[in-house]
Structure formats: structure tokens, C-alpha cells
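Participant: Quick one: structure below, then a few questions.
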Amino acid sequence: MLMNSIYSFTLQELKKELTKNNIKAFVAEQIFDWIYSKHVDSFDEMKNISKENIEKLKQLFSFENMVVDKLQVDKHDGTVKFLLKLEDGNFIETVIMKFNYGYSVCVTSQIGCNMACKFCASGLIRKKRNITVGEFIKQFIIAKEYVEKNFNDKLTHMVVMGIGEPFDNFENLIQFFEVIKQQKGLCISPRKITVSTCGLVEKIKEFADLKNQVNLAILLHAPNNEIRNKIMPINKVYSLDKVIEAMDYYIKVTKRRVTIEYILIKDVNDSDENAVELAKLLKGKLCYVNLIPYNKVVENNYFRSVRGKQFFDVLKKNNIQATIRLERGSSIDAACGQLRIKKILELRNAKV
């Protein structure tokens, strides 16, 4: 029998599940305390739960078997990148970053990615499967424990911008948000969470209707369809005008500002004309642009732009709010998915 992960339930859902199996509802609060405050990953360690109930719990629920295969720490800014091995032998990446407001974690939503953005390492290997709710939560717990142990601090923020397209794993993603905000659990405010999408229009609208206060970032990366078609194949399904229309719907429904992510790629999308066109596209909208320095991926022929400041100045001149993202993880495999690809190639070569 395939058991449900203990990490996949909200407190109320777990209470109902326990009651259904003749275990008192209050045991759910004890379990939450053990797994989210004391960080145990075995029912046998839960000393205030009866042996009879522990045996029942072992038959009903599983713990995520996720281990750190490799750890990289940037020598300049302290960014931490984990390569995590999952129970089925797959690998994912999770990253801890330090900001002036505290520590944030970037989690992975899929094993591989089908969006196939031409500049991205994540899409070099196609999607194998979605990350489960339990695997989402376990990534956060591993990062949380690391921050508490090594930095004597708290992990307070999260972005779902790792490997994969989060909105292509919509059901698990939304349940993850419900679980992580539980007050007697990890208690992460939705306002401290940001999720990104490359532009799955129907899901942007569905996400808007939830009004769950999680922040939205749209990976635009181009000011027109011609450029976006070349670097983001998804644009041939969801064209730029449809993505902007979905963003407008999100803003209207939620009254929340959207982040526009824009990776600057040399001689592709970084000219003054591109900046002017982007400014016209976003004029009057409740959004701001996050300009991102490109991390080179050896498997493709794209390069980092040196025109970040000029591009920023053009946006500013045209009354578009923008920032240039501070580069992090420069001394490690910074590009999303790079560490995973290295591991996969290493394993393939070992078999030859």
C-alpha cells in the first residue's frame, strides 16, 4: 500500500485522518510539534505518543527519505546550494540565500522541466515527474535546519523558483502553501512566499482566484513575441499578449503587485530599444521589473549582458520601477539546474 507522506497534511486534515483511523485528534498536534519544531523524522522518536498509536501511524504514513548528496557554499556571499537525492534516486536542487531581511530558500517544483527555455540549465533534461507535497516540505525543513544550526538564525522567506515550472505542478503546489502556513507547523506567512511562472495563462488566473496572498513573479525575459518565441518555446502556446492579459486579471482580482523577471542576455534582449519596448508593454501596470544577470550555461551559446545599468536607466526614464538583482552564488554552480546536470552526467559516465 502506498502511504501518504506525513508532511502532506494541514493540521485539520491530519486530525480528520487520525480520527478516521481511531486515533484521537489531539495526536495530530503532538505529531506537528515533533516534525516541525523538534525535526524528528521517525514515529519511534515521538515519546509522548503511545506505542499502540505509533504502530498505527507507521502503517498509515511515511516520512520523506531525502538526503544531502552534495553541498556547495559560496565563498563570497555564503549562498548554500544543496543537491538532494530523493527516495527514487532522482536529484533536485535547493538553495539558501542571505538577504538584508533574513534568510530565504529557493525550492524545486519538478524533477526536470518541460518548458525548455533555451538559456536555462533546468530545461536541458525533460521533466520526469512532479515534486510531491511532502518533498516540497522536506526541502524547506532541510534548509530550515541548516540555517538554525549553522547561522543561528531563522528561515523566514521562500521562493518557488528552482528546477521546473511551479504552475505545471499546480495541485501539489497549492497544498504545499496550505501546509507551510500552518501556525502550529512551519508557520510561514504567504506574504513571505513568491512563486514564479513562465506564463501558464489559465493557471495564473486560477491562482489569482485563490487570493492566498502568495506573491507572483512572471518570467517574461523578452519585450515582444519575436524574441520570446526564440528563447521561450512556451510563448508559442501562451503569447505575450495573453500573458499580460492574465497578469492584468491577477492584479485586478488580488490588488497585488507582480514581479516581472527579466534575464539580460547579450545581444538578445538587452538593447535600449528592448528596454523602451518593455516599458511600453508594462506602462501603468502594478508591477516592477527585476533585472537578472545571466549565469552562463556551458551547454548553450548565450552570454551575460554588460548593459544592465543602461537597461535599468531606460526603464527608470520611462517611469518603470526596476531593480538589478544582486548576484549570488558566483563561486558555485549558480545557474539553476547546473549542479543536478553535473551529477547526472557523472553517473552516466560512470556506467560507460
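The backbone N, Cα and C atoms fix where each Cβ goes, and this holds for glycine too.
Feature annotation from Swiss-Prot assigns active site, proton acceptor to Glu93. If you look up Swiss-Prot, you'll see Cys336 marked as active site, S-methylcysteine intermediate, on the strength of sequence analysis. As annotated by Swiss-Prot, [4Fe-4S] cluster binding site applies to Cys113, Cys117, Cys120, with the evidence given as sequence analysis. The S-adenosyl-L-methionine binding site feature in Swiss-Prot is assigned to Gly164, Glu165, Ser196, Asn295. The disulfide bond feature in Swiss-Prot is assigned to Cys106-Cys336; the stated evidence is sequence analysis. What Swiss-Prot records for 99-333 is domain 'Radical SAM core'.
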Participant: Cα within 10 Å of Cys113 ([4Fe-4S] cluster binding site): which of the recorded positions Glu93, Gly164, Glu165, Ser196, Asn295 qualify?
Facilitator: Gly164, Glu165
Participant: Averaged over the whole of the domain 'Radical SAM core' (99-333), what is the pLDDT?
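Facilitator: Here the mean pLDDT over the domain 'Radical SAM core' (99-333) amounts to 96.
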Participant: Recorded positions Glu93, Cys120, Glu165: which have a Cα within 10 Å of Cys336 (active site, S-methylcysteine intermediate)?
Facilitator: Glu93, Cys120
Participant: Work out how many Å separate Glu165 (S-adenosyl-L-methionine binding site) and Cys117 ([4Fe-4S] cluster binding site) at their Cα atoms, rounded off.
Facilitator: 11
Participant: Among the recorded positions Glu93, Cys120, Gly164, Ser196, Asn295, whose Cα is within 10 A of the Cα of Cys106 (disulfide bond)?
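Facilitator: Close recorded positions: Glu93.
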Participant: Looking at the binding-site residues listed here (Cys117, Cys120, Gly164, Ser196, Asn295), whose Cα lies nearest to that of Glu93 (active site, proton acceptor)?
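Facilitator: Going through Cys117, Cys120, Gly164, Ser196, Asn295 one by one, the Cα closest to that of Glu93 (active site, proton acceptor) is Gly164.
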Participant: Through the lens of DSSP with three states only, how would you label Ser196 (S-adenosyl-L-methionine binding site)?
Facilitator: strand
Participant: When you look at Gly164, Glu165, Ser196, Asn295, which the record names as binding S-adenosyl-L-methionine, what is the longest CA to CA distance in angstrom?
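Facilitator: That value is 19 Å for the farthest Cα pair.
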Participant: Fill in the CA-CA distance, Ser196 (S-adenosyl-L-methionine binding site) to Cys117 ([4Fe-4S] cluster binding site), as an integer in Å.
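Facilitator: Here the two Cα atoms lie 14 Å apart.
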Participant: List the Cα distance (Å, whole number) between Cys117 ([4Fe-4S] cluster binding site) and Gly164 (S-adenosyl-L-methionine binding site).
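Facilitator: Given the Cα positions, Cys117 ([4Fe-4S] cluster binding site) is 11 Å from Gly164 (S-adenosyl-L-methionine binding site).
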Participant: What's the number of neighbouring CB atoms sitting within 10 A of the CB on Cys336 (active site, S-methylcysteine intermediate)?
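Facilitator: Taking every protein chain into account, the count is 24.
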Participant: Could you round the CA separation between Cys120 ([4Fe-4S] cluster binding site) and Asn295 (S-adenosyl-L-methionine binding site) to a whole angstrom and send it over?
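Facilitator: Counting only the Cα atoms, the answer is 9 Å.
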